[in-house]
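What follows is a set of notes on a single structure, which appears directly below.
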Amino acid sequence: MAKILKFDEDARRALERGVNQLADTVKVTIGPKGRNVVIDKKFGAPTITNDGVTIAREVECDDPYENLGAQLVKEVATKTNDIAGDGTTTATVLAQALVREGLRNVAAGASPAALKKGIDAAVAAVSAELLDTARPIDDKSDIAAVAALSAQDKQVGELIAEAMDKVGKDGVITVEESNTFGVDLDFTEGMAFDKGYLSPYMVTDQERMEAVLDDPYILIHQGKIGSIQDLLPLLEKVIQAGGSKPLLIIAEDVEGEALSTLVVNKIRGTFNAVAVKAPGFGDRRKAMLGDMATLTGATVIAEEVGLKLDQAGLDVLGTARRVTVTKDDTTIVDGGGNAEDVQGRVAQIKAEIESTDSDWDREKLQERLAKLAGGVCVIRVGAATEVELKERKHRLEDAISATRAAVEEGIVSGGGSALVHAVKVLDDNLGRTGDEATGVAVVRRAAVEPLRWIAENAGLEGYVITTKVAELDKGQGFNAATGEYGDLVKAGVIDPVKVTRSALENAASIASLLLTTETLVVEKPAEEEPEAGHGHGHSH
């Protein structure tokens with residue numbers, strides 16, 4: 001396939017046009033008075049959203065050179081979303097401003113490499129300043145304020161704060177669609193997995209059709225249990241030791257005479273045991289069984305480690321305060337495992353989350369982490385139409401991410417003002433000279449853009465507001481929702497420092513690379529062949 005090239009100033013201008021097309025589409029959504037964008041979908045209803053990354057993903061430019069610029073900024077939004085989960089619009093606005101200011105200087109003869117150095121140094125200084133001024137989140141009302149600001153809904157803020165309170169910072173909060181109106185919270189304590197009892201005869205509560213085991217022994221087996229001869233020695237030891245203590249068996253499968261013996265003993269009232277299948281498949285099943293073993297203090301019985309069921313003693317069994325088993329689910333509450341072992345396992349899963357590239361793997365690891373660390377909250381969201389439902393779901397997911405980021409690194413004043421105040425550390429150009437000093441100045445000018453557009457979207461003169469905010473003390477700023485100046489943290493207008501920091505760092509990373517670009521290479525569009533078979537008609 002032939003390629004076509006563009007060089008020098010022409011190339012950079014084409015990239016800038018693409019950057020502007022994407023950023024102009026996204027920046028109308030920033031701030032409490034930002035607008036929405038409607039995205040046409042090939043199938044189903046259109047999507048209405050104010051989520052920067054969702055909009056960015058949909059933008060493709062006709063011109064292949066401009067499209068390169070748009071794709072680069074899309075990368076800014078996506079990366080910020082991956083790291084902080086929110087702040088994608090802020091990142092896009094910053095990238096546009098950095099590109100605009102930077103290219104102006106490159107066109108005037110500044111060295112792109114020196115500009116890049118200056119930009120990188122300035123961003124590092126501003127990031128450090130933001131982290132210094134960050135205030136750790138210590139109570140529920142702060143969490144509610146962060147979530148409410150991101151979701152633009154106070155009730156949702158309080159709901160997320162409650163969910164965070166229940167599951168802790170490692171817990172999982174998922175958003176599901178519901179058929180009813182409004183938003184509800186559903187909390188599952190302990191470790192739950194989606195496998196139920198193997199026989200309905202095992203239930204202890206006929207009315208609710210569930211088996212509740214108080215203070216049971218827990219046997220975890222990696223393979224299938226088919227022969228009662230394998231299980232008998234262990235059952236006898238359990239009866240001798242615990243008398244009436246129930247037993248939960250988690251295995252790949254319990255079948256044949258082993259299952260029928262358990263059921264018969266349960267019906268006769270001689271012994272209470274409940275068998276469930278292990279969740280997941282393959283390596284994931286092994287990992288989840290390992291998690292359960294750590295949580296309950298059990299040892300996984302597996303041929304590969306030389307442990308056989310018929311030789312196992314009571315020391316391989318785990319314990320828990322209570323286990324509830326329904327037709328479809330099993331929940332283990334307060335496992336009897338060693339707290340240090342559980343923390344070690346949590347640290348191991350966190351390390352795996354850091355190192356994985358796959359979103360699917362990351363999601364599954366997060367779920368495992370949550371089950372070990374405390375619990376799972378499901379927020380069910382409903383709305384009048386499918387379009388509104390999707391929009392609310394987007395907002396909720398953003399708000400949860402923002403809240404997590406806030407708990408991690410703390411909060412700064414919101415509404416774009418934290419950046420305006422943080423760039424004051426650049427007033428002496430960090431002691432740089434020449435084009436490097438110009439690079440520092442580029443960051444200083446670009447940092448006011450998020451605040452400017454928050455004000456513009458509220459129908460005000462952007463630069464007038466940014467100048468006024470720059471004169472205020474740290475922590476003070478402009479509240480676009482009320483149109484007043486004041487202490488933003490007190491007013492509940494706060495941003496997670498991780499979101500603001502990631503937005504700036506990712507925007508600068510792409511912008512400084514874009515400034516050092518000299519050539520663009522794109523594929524030559526295929527020429528359409530003229531259709532054959534049409535003769536020339538002549539009129540005489």
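Yeah, the Cβs are placed from backbone N, Cα and C, and that goes for glycine too.
Of the residues proposed, D40, D427, D428, D495, the one Swiss-Prot records at the same ATP site as T29, I30, G31, P32, D86, G87, T88, T89, T90, G415, N479, A480, A481 is D495. Here T29 (ATP binding site) comes close to R35, N36, V37, T49, N50, D51, G52, I55, T89: these same-chain residues lie at least six apart in sequence, with C-beta atoms under 8 angstroms from its C-beta. Non-local neighbourhood of A481 (ATP binding site): P32, K33, V493, each in the same chain, at least six residues away, with C-beta under 8 Å from its C-beta. In this structure, N479 is the one among the binding-site residues T88, T90, N479 with the smallest number of other Cβ atoms inside 10 Å of its Cβ. Within the same chain, the residues at least 6 positions away from G31 (ATP binding site) whose Cβ sits under 8 Å from its Cβ are G415, W453, I454, A455, N457, A458, A480, listed in sequence order. The number of other CB atoms found within 10 A of the CB of D86 (ATP binding site), across every protein chain shown, is 33.
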